[in-house]
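Listed features, source Swiss-Prot:
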- Lys6: ubiquitin cross-link (CROSSLNK)
- Lys11: ubiquitin cross-link (CROSSLNK)
- Lys27: ubiquitin cross-link (CROSSLNK)
- Lys29: ubiquitin cross-link (CROSSLNK)
- Lys33: ubiquitin cross-link (CROSSLNK)
- Lys48: ubiquitin cross-link (CROSSLNK)
- Lys63: ubiquitin cross-link (CROSSLNK)
- 1-76: domain 'Ubiquitin-like' (DOMAIN)
- 121-142: zinc finger (ZN_FING)
Amino acid sequence: MQIFVKTLTGKTITLEVESSDTIDNVKSKIQDKEGIPPDQQRLIFAGKQLEDGRTLSDYNIQKESTLHLVLRLRGGGKKRKKKTYTTPKKIKHKHKKVELAVLKYYKVEDDGSVKRLRRECPNCGASTFMANHKDRLYCGRCHLTLKLEA
């Protein structure tokens, strides 16, 4: 039977084969016609690469079927060297959580009442304390400044 082999250049070769021929035999016939060594040849039929030990009938290759010839690529990408850094890595800052930090904003009086040690901002509302400076109180969020009477 006759099959066609289409090369990378677009040239079509006709080969006379039998359905019992192996893929190795087909590759050697291509070598006789084109001069490409069989170890560099890859034959593709119906989107599948043909393995050397199997026959044409295994892949259901019939008369006047077209095989595509592509060349095997040698090697792969170049291996990259791992970078070595001369300076040691910077140690990340670890957040230290103080368990009872809230207690420094309040004071419990002798009679049991709770007094705020820092003043809250009247604009921003609760939980935004104002910074104590020697002559003023300052809110870092809304930039409100209150002068203290001496």
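We number each residue from 1, going along the chain as drawn.
Yeah, the Cβs are placed from backbone N, Cα and C, and that goes for glycine too.
Structure with Swiss-Prot features highlighted.
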residue: Lys6; record: ubiquitin cross-link; DSSP (3 states): strand
residue: Lys11; record: ubiquitin cross-link; DSSP (3 states): coil
residue: Lys27; record: ubiquitin cross-link; DSSP (3 states): helix
residue: Lys33; record: ubiquitin cross-link; DSSP (3 states): helix
residue: Lys48; record: ubiquitin cross-link; DSSP (3 states): strand
residue: Lys63; record: ubiquitin cross-link; DSSP (3 states): coil
(request) Could you round the CA separation between Lys29 (ubiquitin cross-link) and Lys11 (ubiquitin cross-link) to a whole angstrom and send it over? (result) 16
(message) Measuring Cα to Cα, how far is Lys27 (ubiquitin cross-link) from Lys63 (ubiquitin cross-link) in Å?
(response) 17
(message) Over the span of the domain 'Ubiquitin-like' (1-76), how high is the average pLDDT in this prediction?
(response) 83
(request) Write down the Cα-Cα distance for Lys48 (ubiquitin cross-link) and Lys63 (ubiquitin cross-link), rounded and given in Å. (result) 18
(request) Could you state the whole-number distance in Å separating the C-alpha atoms of Lys33 (ubiquitin cross-link) and Lys6 (ubiquitin cross-link)? (result) 13
(request) Could you tell me which of these recorded sites, Lys6, Lys33, has the greatest number of Cβ atoms within 10 Å of its own Cβ? (result) Lys6
(request) Between Lys48 (ubiquitin cross-link) and Lys11 (ubiquitin cross-link), find the distance joining the two CA atoms and give it rounded to the nearest Å. (result) 20
(message) Comparing the recorded sites Lys27, Lys63, which residue's C-beta has the most other C-beta atoms within 10 angstroms in this structure?
(response) Lys27
(request) Within 10 Å of the Cβ of Lys11 (ubiquitin cross-link), how many other Cβ atoms can you find? Include all protein chains, please. (result) 10
(message) Treating G and I as helix alongside H, and B as strand alongside E, what does DSSP give for the domain 'Ubiquitin-like' (1-76) in helix, strand and coil?
(response) 18 helix, 25 strand, 33 coil
